[in-house]
Structure formats: C-alpha cells, structure tokens
Amino acid sequence: MKIKIAKKAGFCMGVRRAVNLVLKALKAGHTPLYTYGPLIHNPQTLELLSKLGVKILKDIKEEVPTGSCVIRAHGVPPSEKDGLAKRHKVIDGTCPRVLKVQSLASKAISSGKEVVIIGDKDHAEVKGILGYCDEKGYVVSSFKDIENLPPLKNYVILSQTTQDQELFELLSQEILSRYPGGEIINTICNATEVRQEEVKRLCKVCEAIVVIGGKFSANTKRLAQIAEAEGKRVFLIENKEELPLEEIKKINTLGITAGASTPNWLINEVIDFLKTSTSLPYRIFRNFILLNLHEVFLFLFLFSTLLFLNSSLFNSHTLSLLSFVFFFQFFRKVFHSYLTKDSFFFYYPLKGNFYTSKNKLSLFLLSLSLIFSLISGLLFIPRIISLIFVFIILDYLLLNSFFYIFLDSLFFISLILYLYPYWNETFLWFSLHILIILFLWNLYKELLYQQSDGFLPRNFFILHFNLSENQWFQLSYFLIFLSSIPFLVLLIKTKILYYLAFILYLLSYLFLFALLKRRPLGQILYFEALFLVPPLLFFLLSIMFYKL
C-alpha cells in the first residue's frame with residue numbers, strides 16, 4: 001500500500017502560537033494556569049496539557065484560585081476577555097488572523113455598518129467575532145440563513161477563518177445579489193485554503209483519504225467533507241485505534257491529511273501504525289531507529305574515520321576499540337531512552353510506547369551491551385573501563401540538564417585521549433570537525449522533535465535560549481561552515497579531487513537542514529535516519545583515501 005501525505009496539514013500558525021504560549025507560561029512558572037475553554041479541538045493534546053497541570057475554565061465566573069489564563073486561538077468576545085482580566089492574568093492566544101477579523105468587525109460597526117459573518121454560528125471563533133458587532137452582526141451558515149437576514153444596505157461580509165472557500169464565494173455573492181451595496185472581505189486564512197486545496201490534490205491520486213483530527217473541529221470536518229465531495233472514501237479519526245485496518249489494507253493508495261488542531265506527533269503515530277501493519281521492512285527499520293542504532297552507527301562512522309585517515313592507527317588492536325565504542329554507545333543510548341521513556345509520551349509517543357512495551361528487552365540489551373563493552377574494553381586497554389563508570393554516572397546525573405547535549409562530544413574527546421601517541425595535524429583537524437558534527441546532530445534532533453508539536457522536556461538545549469526556530473537554523477548553517485574549516489586548512493595538503501569530495505559531504509548537511517526546515521509531516525523516523533547518511537559518506541571517503 002502506498003501512503004501519500006499532504007504537504008500542508010496539522011497545526012496551523014495560530015494553533016502552534018497558542019500552544020507555545022502555554023509552554024512559555026509553564027516554563028515561566030505561571031501557576032495555576034488555565035485555558036478559557038479547550039485550547040484546541042484535539043483531545044490528545046488536551047490530555048497532555050492536563051497532565052502538565054493546565055486546567056480548563058468553562059465560565060469566567062467559575063470559582064477557582066486566581067492565576068493566569070490563556071485565551072484560545074479562536075478568540076473570545078471582549079466582554080468575556082474583560083471578565084477574565086478581573087480575576088486572572090490574561091495571556092491572549094487569539095490567532096492573529098482571527099484578531100484581524102475581530103478588528104474589521106469592530107471598525108465596520110464604528111463606521112455605522114452592519115456585519116454579516118459567513119461561518120458556523122456555534123463555533124467559538126464566530127461567537128467571538130459577534131462580540132465585536134454590538135448586536136449588529138448576523139451569521140450565515142447556509143442559503144436558508146440568507147432568508148432570515150434583515151434588509152441590508154450599508155454592510156460588510158466577513159468570513160470565519162476556517163470557512164470553505166467555495167461556499168464563502170457562493171453565499172457572499174448570493175447576499176450581494178439580494179442586497180446591493182455591501183462590501184465583501186475574504187478573511188479565510190490562507191492556511192485553511194492551502195489545506196483544502198491539498199486535500200483536493202490528494203483525491204486525484206488516492207483511492208481513499210484518512211483525515212486525522214478532533215471530531216469537534218470544524219476545519220477537520222470540512223476537510224472530510226471536501227474529500228467526500230470528490231467522491232472518495234473518507235476515514236475521519238482522532239487516533240490510530242479508530243482505523244479500520246482490515247478495510248484499509250485493501251486500498252492501494254491512501255492519502256493522509258489532518259486538521260489544524262492535529263499535532264505532528266499524532267500524524268507520526270497514525271502513519272507509523274499503518275506502515276507497521278502492512279510492511280515487514282518498515283518494522284525492521286522502525287526497530288533499528290527506536291533502538292537508537294542509527295545514533296550508534298553515526299558515532300562509530302565518525303570515530304572510525306579518524307582511524308582510516310591515519311594508516312598507523314588502523315590495525316587489529318584498534319578493532320577492539322571500535323567494538324568498545326559500538327557496544328558502549330549502544331548501552332548509553334538505550335540507557336538514556338529507558339530512563340526518559342515517560343517524557344517521550346509528551347512529544348514522541350512512538351518511542352515512549354516502544355520502551356514501555358519492551359521493558360524486559362531493554363533490560364536484556366542493556367545487560368548484554370554492558371558485558372560486551374567490558375570485554376572489548378579489556379581487550380583494548382584495561383584502563384578504558386573507567387570510561388564506562390564515569391559516563392554511566394554522567395549520563396544519569398545530567399539526565400535532566402541541558403548539558404546532556406555535550407556528552408557525546410565529551411565521550412569522543414575521552415576516546416581520542418587514548419590515541420594520543422598517534423596524534424598529528426590531520427587527526428586534530430578532523431577531530432575538531434567531528435566535535436562540531438556531534439553537537440550539530442544533537443541540535444538537529446532537538447529541532448526535529450520540536451516539530452512534533454508536543455511538549456518538550458525542560459532539559460532540551462533549545463529551550464534555554466530565546467531564539468526563534470529560524471535563528472536556530474541559521475546557527476546550524478553557521479556550524480556547518482565552521483566544520484568546513486579543517487577542509488580549508490588541509491586543502492594545500494590534499495588533491496583537489498579529494499577536497500571536492502569532502503565539500504559534497506558538507507553540502508549534504510546543508511541539504512538535510514533545508515529539508516528539516518520545511519517541517520515534514522509524519523516522517524520522524526525517516527528524518528532521524530537521514531542524518532546517518534553524511535557520516536556514512538564521510539566514512540566511505542576515508543576508506544577511499546586509506547586505500548589510495
């Protein structure tokens with residue numbers, strides 16, 4: 001079965017902004033913390049917020065301790081906002097595009113006009129906009145509602161931001177034909193329009209469509225309606241458990257999209273469930289990634305490169321060192337995942353479920369890898385065993401610290417100290433390059449996890465600095481440039497062909513971050529695996545130089 005994922009789906013800008021405001025409030029210690037009504041129409045995200053201590057206020061008069069209250073992305077009437085401000089510190093999470101519609105409605109009323117809102121009359125956003133209309137606002141959801149409009153002369157037509165584009169045009173033109181003199185302002189969010197067009201595109205190449213989202217989400221239901229109107233079979237689900245797997249297995253090409261309140265981690269779960277249920281190669285690949293073997297091989301490829309670039313280093317004795325590196329890195333990565341498995345449920349439930357369901361396997365692999373680490377370490381240099389004890393302690397003590405991001409680099413430095421007699425200029429320059437790449441990998445991983453739209457643990461490095469996502473990507477590009485310095489220095493001592501090969505290797509990192517910046521949906525395992533490609537290329541180039 002082929003699975004095609006919508007290029008644009010899931011969290012929209014307004015929803016992501018509201019969720020980030022809650023995260024910032026939690027980080028700043030705003031307690032108690034409330035949201036006025038459900039923050040978004042997604043039960044799984046609301047459940048996570050509840051676990052983080054965020055409570056839902058159903059009424060502005062609700063008797064609760066004074067605290068901070070986040071207004072959800074849909075917005076609220078001004079009277080309710082003022083009522084909240086009397087009891088709580090208000091954090092306005094209203095989507096900027098909704099704020100614009102509220103402003104247009106208020107401006108129209110101030111200039112003596114009436115307001116017609118094309119949207120769902122029971123939707124929170126529409127109720128909020130009506131609050132700015134001083135009882136001179138009217139809601140039109142269908143042609144039947146047009147019959148109930150009073151005679152309109154001086155008026156403006158606005159839209160709910162998540163309204164269907166085609167329906168808005170039909171209804172607004174019908175109103176204008178009956179009551180000339182009105183002004184039409186299309187306030188449908190571009191993100192809504194793009195998502196709706198993307199569903200239509202998927203319908204052209206897919207037999208059926210899976211729409212992921214809350215059943216009370218208007219924009220999610222609208223995506224399903226569009227797919228049905230295109231004559232496609234639609235599966236509207238809130239989670240993977242609702243998928244009729246036996247029916248879906250009969251489908252050759254399946255499209256996946258999601259509502260604006262659906263986090264990327266949930267899209268990841270659904271796609272992973274579908275692929276795990278239908279593909280054995282994917283199940284093998286999945287276990288490889290969730291067991292962190294890609295991280296182990298990444299480190300091993302980088303470290304092995306040093307040995308190949310120095311012919312005197314690569315011998316049968318150092319094979320014991322490589323075995324030690326492999327087994328102990330595997331131990332460290334599984335150890336970390338096992339200890340932090342509960343936190344994964346907030347942003348990477350695939351991994352959380354994996355380590356929770358495979359508790360005995362995890363303990364067995366930890367024991368086995370530790371034994372082989374000890375054996376291979378003794379075969380190399382017995383004193384290297386001290387690294388095992390030191391790094392087990394460091395991994396545990398720094399588990400909840402943002403300094404954890406530097407432990408791979410520290411482990412690498414500790415390893416090369418044992419190779420001191422073989423140090424030369426090439427060795428040191430490439431060691432510098434590898435140190436930068438190890439940090440870059442951990443930064444890449446945090447940025448990838450941030451795009452899951454979940455709630456990251458406080459020990460994440462990127463959470464401790466007030467930088468935007470775009471600024472983090474700029475820093476990544478700068479680090480890639482820094483990592484090229486060893487190649488610039490060594491240019492005078494290498495053939496131009498070799499140099500160009502390594503430049504292509506560096507460009508592969510730029511390509512990876514450029515791909516990541518596009519915020520891929522439902523492909524977290526693939527993007528973790530992709531970072532293994534440049535170190536593998538680096539390793540293969542070193543073998544080529546060693547032989548030449």
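Note that the numbers count up from 1, one per residue, in the order the chain is shown.
Keep in mind that glycine also has a Cβ here, set from the backbone N, Cα and C atoms.
Unlike curated entries, TrEMBL annotations are predicted automatically.
What TrEMBL records for GLU125 is active site, proton donor. Secondary structure from DSSP puts GLU125 (active site, proton donor) in a helix.
Taking all protein chains in view, 26 other C-beta atoms sit within 10 angstroms of the C-beta of CYS12 ([4Fe-4S] cluster binding site). If you look up TrEMBL, you'll see CYS12, CYS95, CYS189 marked as [4Fe-4S] cluster binding site.
Long-range C-beta contacts of HIS74 (dimethylallyl diphosphate binding site), restricted to its own chain and to partners at least six residues apart, with a cutoff below 8 Å, comprise GLY37, THR94, CYS95, VAL98, HIS123, ALA124, GLU125, GLY128. Sequence annotations record features per position, and here TrEMBL assigns dimethylallyl diphosphate binding site to HIS41, HIS74, HIS123, SER217, ASN219, SER261.
Long-range Cβ contacts of SER261 (dimethylallyl diphosphate binding site) within its own chain (separation 6+, distance under 8 Å): PHE11, VAL15, ILE40, HIS41, ASN42, THR45, GLY213, GLY214, SER217, ASN219, THR220. Marked as isopentenyl diphosphate binding site by TrEMBL: HIS41, HIS74, HIS123, SER217, ASN219, SER261.
Residues annotated as (2E)-4-hydroxy-3-methylbut-2-enyl diphosphate binding site in TrEMBL: HIS41, HIS74, HIS123, THR161, SER217, ASN219, SER261. In the three-state DSSP scheme, ASN219 (dimethylallyl diphosphate binding site) is classed as helix.
Among the features that TrEMBL reports, transmembrane segment is placed at 288-308 (among others).
Look at TrEMBL and you will find 314-331 (among others) tagged as transmembrane segment.
Sequence annotations record features per position, and here TrEMBL assigns transmembrane segment to 363-396 (among others).
Nonlocal intrachain contacts for the transmembrane segment (402-420), taken as residues 6+ away from its ends with a CB within less than 8 angstroms of a stretch CB, comprise 299, 302-303, 306, 313, 321, 325, 329, 332, 380-381, 384, 387, 390-391, 394-395, 427, 431, 434-435, 438-439, 441-443, 446, 459-461, 463-464. Here TrEMBL flags 402-420 (among others) as transmembrane segment.
Positions annotated as transmembrane segment by TrEMBL: 427-444 (among others).
Residues or ranges marked as transmembrane segment by TrEMBL: 472-492 (among others).
Same-chain neighbours of the transmembrane segment (497-517): 437, 440, 444, 447-448, 451, 473, 476-477, 480, 483-484, 487, 490-491, 527, 530-531, 533-534, 537-538, 541, 544-545, counting only residues six or more beyond its ends whose CB sits under 8 Å from a CB of the stretch. What TrEMBL lists as transmembrane segment is 497-517 (among others).
Nonlocal intrachain contacts for the transmembrane segment (523-546), taken as residues 6+ away from its ends with a CB within less than 8 angstroms of a stretch CB, comprise 5, 264-265, 268, 271-272, 285-286, 288-290, 294, 297-298, 301-302, 304-305, 308-309, 311, 314, 348, 350, 437, 441, 444-445, 448, 452, 498, 501-502, 504-505, 508-509, 512, 515-516. Per TrEMBL, transmembrane segment is recorded for 523-546 (among others).
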Largest inter-residue Cα distance among HIS41, HIS74, HIS123, THR161, SER217, ASN219, SER261 [record-listed (2E)-4-hydroxy-3-methylbut-2-enyl diphosphate binders, Å]: 15
Shell of the (2E)-4-hydroxy-3-methylbut-2-enyl diphosphate site beyond HIS41, HIS74, HIS123, THR161, SER217, ASN219, SER261, same chain only (C-beta within 8 angstroms of their C-beta centre): ILE40, ALA73, ALA124, GLU125, THR162, ALA218, THR220, GLY259, ALA260
Which listed residue (HIS41, HIS123) has most other Cβ within 10 Å, given these are binding-site residues: HIS41
Per DSSP, three-state class assigned to HIS41 (dimethylallyl diphosphate binding site): coil
Cα separation, THR161 ((2E)-4-hydroxy-3-methylbut-2-enyl diphosphate binding site) to CYS189 ([4Fe-4S] cluster binding site) (Å, whole number): 5
